[in-house]
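These notes are about the structure you will find just below.
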Amino acid sequence: MLQNQDTMEILSNSTSKFPTFLLTGIPGLESAHVWISIPFCCFYAIALSGNSVILFVIITQQSLHEPMYYFLFRLSATDLGLTVSSLSTTLGILWFEAREISLYSCIVQMFFLHGFTFMESGVLVATAFDRYVAICDPLRYTTILTNSRIIQMGLLMITRAIVLILPLLLLLKPLYFCRMNALSHSYCYHPDVIQLACSDIRANSICGLIDLILTTGIDTPCIVLSYILIIHSVLRIASPEEWHKVFSTCVSHVGAVAFFYIHMLSLSLVYRYGRSAPRVVHSVMANVYLLLPPVLNPIIDSVKTKQIRKAMLSLLLTK
């Protein structure tokens, strides 16, 4: 009896149901965090301003109230959400060494981070469908992609994200966490958080894998299929001008898909199979995964999308 009591005391002293986690900046470069914050601030400023400008341009310019730009609007909105979700914790660490975060704050951050990630995956699929219809069936474009159907697609993206993220977070509630509670990077990432649990995390890992399959595992083949059909259709076009037009139409979306899925899959694989990798690898990949798409997407969209570029110029000239 006494031995069992001692065991329970040791367990209670080494675990916690409501822990405080310690976020990590760039491991090994803590003394240079203030200097490292300069490029981070630049990236955040580009992501926030670039996506905000695209949202403003699409809202204010009547000529951009078309399906293609509605999807671009949603992409910028999700990129903005991803940026804001990690902004406070990342800069808090780099500027003030504010590393502590409670479990509940961590859950809230994961809700928005993973939720916006799932939504962005859905937006990329919807945009691929938009490009497929525009190129392969242009005569029926306006009848297929009506405003009501676009709204339904948007609601479906949000619903899917919420349905996928809630079980993932609810399964964290029964877990006990070890006192060694340092996370690998500057925000709460679900695979990183569950690795600190002293409880059985098989259900959490399975749920995370199911979410990955239901997003990346389904969305990526759908996007690939849409572009296979687009390429098959374009191969029958003899005019170089038409080839160039199709390429210009699709290049920004292909770039967004590449930035998003390559880094998401790389980060997932590192957490599942690269546990021996240095901590700095986890940290750098995690920050690149969140920052690169929101920074590059508005730049590519404004450069490669002629109508967006014209709308921006008209706004600047009128002022």
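Note: Cβ is positioned from N, Cα and C throughout, glycine not excepted.
Looking at the candidates Cys42, Cys106, Cys250, Swiss-Prot gives Cys106 as the cysteine bonded to Cys188 by a disulfide. Going by Swiss-Prot topology annotations, Ser233 is found on the same membrane side as Thr305. Beyond its flanks by at least six residues, the topological domain 'Cytoplasmic' (59-75) meets 119-120, 123-124, 126-127, 130, 134, 141, 145, 150, 154, 157, 256, 297, 301, 305, 307-308, 311, 314-315 of its own chain at Cβ-Cβ distances under 8 Å. Long-range contacts of the topological domain 'Cytoplasmic' (233-249) within the same chain, counting only residues at least 6 positions beyond its ends with a Cβ under 8 Å from a Cβ of the stretch, are 131, 134-136, 304, 306. Sequence-distant contacts of the transmembrane segment (280-300) (same chain, six or more residues past either end, CB-CB distance under 8 Å): 24-29, 40, 43-44, 46-47, 50-51, 53-54, 75-76, 79-80, 82-83, 86, 90, 113, 120, 184-187, 189, 192, 251-252, 255-256, 259-260, 263-264, 266-267, 270-271, 274.
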